[in-house]
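J.: Submitted below is the structure of interest, expressed as structure tokens.
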Amino acid sequence: MELKDIAVFMDRDGTVSKEIGYVNDPTRYELLPRTGLAIKKLNQNGIKAILATNQAGVARGYFKEEMITKVHNKLERLLEKEDAYLDAIYYCHHHPDVGEGKFRKKCDCRKPEPGMLIKGEEEFGVDLNKSYMIGDKISDVEVAHKVGSKGILVLTGYGMGAYKHEREDWPVEPEYIAEDLFDAVEWILMDIKARES
């Protein structure tokens, strides 16, 4: 299996970084432990590492769109310190029910809609049937399943609460429930090896 055909899409808040609500200033933004190591493993294996995050704080008027860029610049600097990088950062700033103008709309990029994953497929030529989505909400698993990818729930962020208190209502089951992003990446690498054998 060509590893360059594979992408790992990951949620931001609660998966890559600490869940602190809407991040309205870069100084509040911090990576979760082992995030850099996890993404570096993907980089070393030639697997595309792509952020796919809903950022409706713009639509809600909590911050301007430029703030997302500032926060993502900090994210990239923090990863760079750990010799890791993201191949792409995709975000959806829409909300179907709140906001004004271009921000208030029912779009195909807000998870669990698959627009951001399809964008990754188009931009990098990855095979979504061989790819993965990691997140701390069951909507991250839902979006994976919509495009034939495998979905992994992490127990960081909202993940533990979703696992303990909402599991019987999940519309889909994750392929794996991971302790954190690093554990998820370790499982993915094992899963890829198992597919090859």
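Cβ atoms here come from the backbone N, Cα and C positions, even for glycine.
Annotation source TrEMBL lists active site, nucleophile at ASP11. The active site, proton donor annotation in TrEMBL covers ASP13. Taken from TrEMBL, the feature substrate binding site applies to ASP11, ARG12, ASP13, GLU19, ILE20, GLY21, TYR22, THR53, ASN54, GLN55, ALA56, ARG110, LYS111, LYS137. The Mg(2+) binding site feature in TrEMBL is assigned to ASP11, ASP13, ASP136, LYS137. Positions annotated as Zn(2+) binding site by TrEMBL: CYS92, HIS94, CYS107, CYS109. What TrEMBL lists as site 'Stabilizes the phosphoryl group' is THR53, LYS111. TrEMBL lists ARG110 with the feature site 'Contributes to substrate recognition'.
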J.: Which has the fewest other CB atoms in a 10 Å radius around its CB: CYS92, CYS107, the listed binding-site residues?
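T.: Taking CYS92, CYS107 as the binding-site residues, the minimal 10 Å Cβ count falls on CYS107.
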J.: Listed recorded positions are ASP13, THR53, CYS92, CYS107, LYS137; which of them have CA atoms within 10 A of the CA of TYR22 (substrate binding site)?
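T.: Hits: ASP13.
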J.: Cβ distance under 8 Å to THR53 (site 'Stabilizes the phosphoryl group'), same chain, sequence separation 6 or more: which residues?
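T.: Within the chain, THR53 (site 'Stabilizes the phosphoryl group') has Cβ neighbours under 8 Å at ASP11, ARG12, ASP13, ILE89, TYR90, TYR91, CYS92.
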J.: Quick check: which same-chain residues outside ASP11, ASP13, ASP136, LYS137 lie with their CB within 8 A of the centre of the Mg(2+) site CB atoms?
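T.: Result: ARG12, GLY14, THR15, GLU19, THR53, GLY135, ASP140, VAL154, GLY157, TYR158, GLY159.
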J.: Any idea what the Cα distance is from ASP136 (Mg(2+) binding site) over to LYS111 (substrate binding site), rounded to a whole Å?
T.: 12
J.: Express the distance between the Cα positions of CYS109 (Zn(2+) binding site) and ILE20 (substrate binding site) as a whole number of Å.
T.: 23
J.: Helix, strand or coil by DSSP: which one applies to the residue listed as 'active site, proton donor'?
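T.: Its secondary structure by DSSP: strand.
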J.: Roughly how many Å separate the Cα of LYS111 (substrate binding site) from that of LYS137 (Mg(2+) binding site), to the nearest whole number?
T.: 10
J.: List every residue in the same chain as ILE20 (substrate binding site), at least 6 positions away in sequence, whose Cβ is under 8 Å from its Cβ.
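T.: Set apart from ILE20 (substrate binding site) by at least 6 residues yet with Cβ under 8 Å, we have ASP13, ARG28.
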J.: Give the three-state DSSP assignment (helix, strand or coil) for ILE20 (substrate binding site).
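T.: In the DSSP reduction, ILE20 (substrate binding site) maps to coil.
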J.: Rounded to the nearest angstrom, how far is the Cα of ARG110 (site 'Contributes to substrate recognition') from the Cα of LYS137 (Mg(2+) binding site)?
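T.: The separation of the Cα atoms works out to 13 Å.
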